[in-house]
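Contents: one structure, followed by commentary.
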Amino acid sequence: MSWQARLEALLQCGYRPFFLLSAASACCLMLFWLTLLNGWINWQPPGGMVLWHVHELLFGFAGAAIAGFLLTAVPEFTETANLPRTVLVRLALLWLLARVLYLLSPFWPASLALLPVALVNLLFWLLLLWHLLPRLWQHAGRMHLSFAWVVASLALLQLASLLANSLGGDPMAWLRAASGVLMMLIVIATRRISVNLVNGLIEEGRPGAPPPINSYLPRPPRSYLALFCIGLCSAVELWLGHNSITGWTALAAAAAMLNVLNDWHIGRALFTRWALLLYAGYWLIALGYAAMGASWLGAPLTTSAGRHLLTSGAAALSILAVMAVVGRIHAGLWLDRRPWLPLCALGLIIAAVLRALAGVPGLPIRALFSAAGLVWAGCFVAYLVAARGGLIAPRADGKTGCAAPLEHNAREGGC
Amino acid sequence: MKGPWYRVQSALAAILTYLWSGWGAIASLLLFCALWEWGAQLNGPLVLPGPQATLAQLWHMLDSGLAQPELIISTRRTLQGLGASLLIGSALGLLAGRSLTAAMLSRPLITLLLGMPPIAWLVLAMLWFGMGDTTPVFTVFIACFPIVFAGAMQGARTLDNQLRRVAQAYRLPWRMQLTDLYLPHVMSYLIPAWITALGTSWKVVVMAELLSTTDGVGAALAVSRSQLDTASSLAWVVAVLALLLAAEYLLLEPLKRRVERWRLETEQ
């Protein structure tokens, strides 16, 4: 297939370029981080290596996944047209430029610090909002507007973090708050996906598929309580930092997430790979907040251990699940039943646990870091290999854009 | 035909589901702990020890065997007073509800009893019964009685006469009338009254013990107050609240859900 045809296919739907960038950046960013950590390369960006690592995994890897999801889901949820290819190209180039600028930051005058990176990242989020906000605002009932608030919060927190680095503040405090907003986005987004996924509506029409069920029904008050507790924990952490008040709010967030699991305890329907993927993500959020809460209340483990259960565990697992589902259905393919997906999900959980164990005093930190990083990056390499058909190959069903498979007769929503 | 193993499985699943549904309440309590901790940091440990210090003190009291005897004494007094008020109040309230005249007679008396402050009853009980066990038990009984009586009377008053006539026309056995008609309706009034009475009983017993006895949680609170030991005082309060929450969520709430199953079935 020619490069032109591949490029044509890549720009067919919003998720395609961004899921590709997200998975590719996951591998590259993690492997580069491991080389830095082991001292094989000497590269000192403004603000230090750790700031780069956290910033890029949050706004590079997760940012691309968020953009890909929203560029596909918002037109579907709001029943509007897909975004034009030129917009996708502009957004993808801005995203790439932001990553390259950060890599080049040690080579330009120190007085500039990370201001060019902040500017390009801000442009990326503003352009995304420019195209999505009118659709979310004008949609009946504005029921999906929360996506816009989350994107705006992420953009502001990123800007605050990079500005804090330039102005002598604590950039990491803002990034920690951004990780909380990412958890809120996971709760908001997976709630919408899970109804169709767990009840089997997403594959309605697939030959041989079991009939849809209606046992899974997420109760909004439970999610709202979880969102409130996570938001409160992030705000208190930003305000007070390492404090026992933050610890209690983190424990409340953990309990609120376990409360959300009440929706998921529906018997046999839970025991499918799709339901378990999202369910495990919720568990990791709960465990992450519980570990962070315990740490703030004086337990002998670092806060970073819990934080990595959230980011490298829950966020990565949820992103993999969303990419695996959205990347198939909107490419005209039924869901992937091959074993790579549960193996990768298991790999991400193991990587998160290994990374969390590195926060327990007395364990071999360097070996745990390396093992966790390699397993984690390997999972996204596997995704790129297994899902390349849905990313860079043209649709085989004759449909165009982001449409669902031909036989799909699901009602409103999709994924 | 569903076998015993299936029934055991279903019962276990129902218990687990019920216990898991408590996470929302736990989240709320943990948020309260955050607020408490904030107050503690603003005021200092002498005025308001934080939740961790209080829980540590409670653990120390339980570990050293200091807390259990006092908690058992207070629990016994609460159960005696509350049990008597539940039994007598429910029975008399149901009887009063069956007769319009009795309801007319008892309504002003209940208003009177509800308006009487428990501390006034306590003073009278101290004069009548002295400084012993009877004083707190009586005060709990008399403080809870009007609440339970009013609930039971209201439940009996609002019974649907048409449904009763239908039951009589179809000659429903008395047992079925009781369990399927009268009990579900009356219980929907009784259980909230029992829950309110439970909360009142613990408040009253601690107050009565504080003023009239030398043992029990109330008396221990008086000692810790005199020693300016705020951590111990809060630890006693937390212990009482824990018992109250356990009684409500492990006993009364499951009972309420069981007797109100018909509401859910009707809604579905």
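The backbone N, Cα and C atoms fix where each Cβ goes, glycine too.
Pulled from TrEMBL:
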TRANSMEM  A:18-37  transmembrane segment
TRANSMEM  A:57-75  transmembrane segment
TRANSMEM  A:87-104  transmembrane segment
TRANSMEM  A:110-133  transmembrane segment
TRANSMEM  A:145-167  transmembrane segment
TRANSMEM  A:173-190  transmembrane segment
TRANSMEM  A:224-241  transmembrane segment
TRANSMEM  A:247-264  transmembrane segment
TRANSMEM  A:276-297  transmembrane segment
TRANSMEM  A:309-327  transmembrane segment
TRANSMEM  A:339-358  transmembrane segment
TRANSMEM  A:364-386  transmembrane segment
(message) For the transmembrane segment (A:247-264), I need the partner stretch with the highest count of C-beta pairs below 8 angstroms, choosing only from A:173-190, A:224-241, A:309-327, A:339-358, A:364-386.
(response) A:224-241
(request) Could you tell me what the rest of the chain brings near the transmembrane segment (A:110-133), counting residues at least six beyond its ends with Cβ under 8 Å? (result) 45-47, 59, 63, 67, 70-71, 74, 83, 87, 90-91, 94-95, 97-98, 101-102, 147-148, 151-152, 154-155, 158-159, 162-163, 165-166
(request) May I ask for the residues of the chain that lie six or more residues beyond the transmembrane segment (A:339-358) and have a Cβ under 8 Å from a Cβ within it? (result) 273, 276-277, 280, 284, 291, 305-306, 308-309, 312-314, 316-317, 320-321, 324, 365, 368-369, 371-373, 375-376, 378-379, 382-383, 386
(message) Which residues of the chain, 6 or more past the ends of the transmembrane segment (A:87-104), have a CB below 8 A from one of its CBs?
(response) 11, 14, 17-18, 21, 25, 45, 52, 55-56, 59-60, 63-64, 67, 71, 114, 116-117, 120-121, 123-124, 127-128, 131
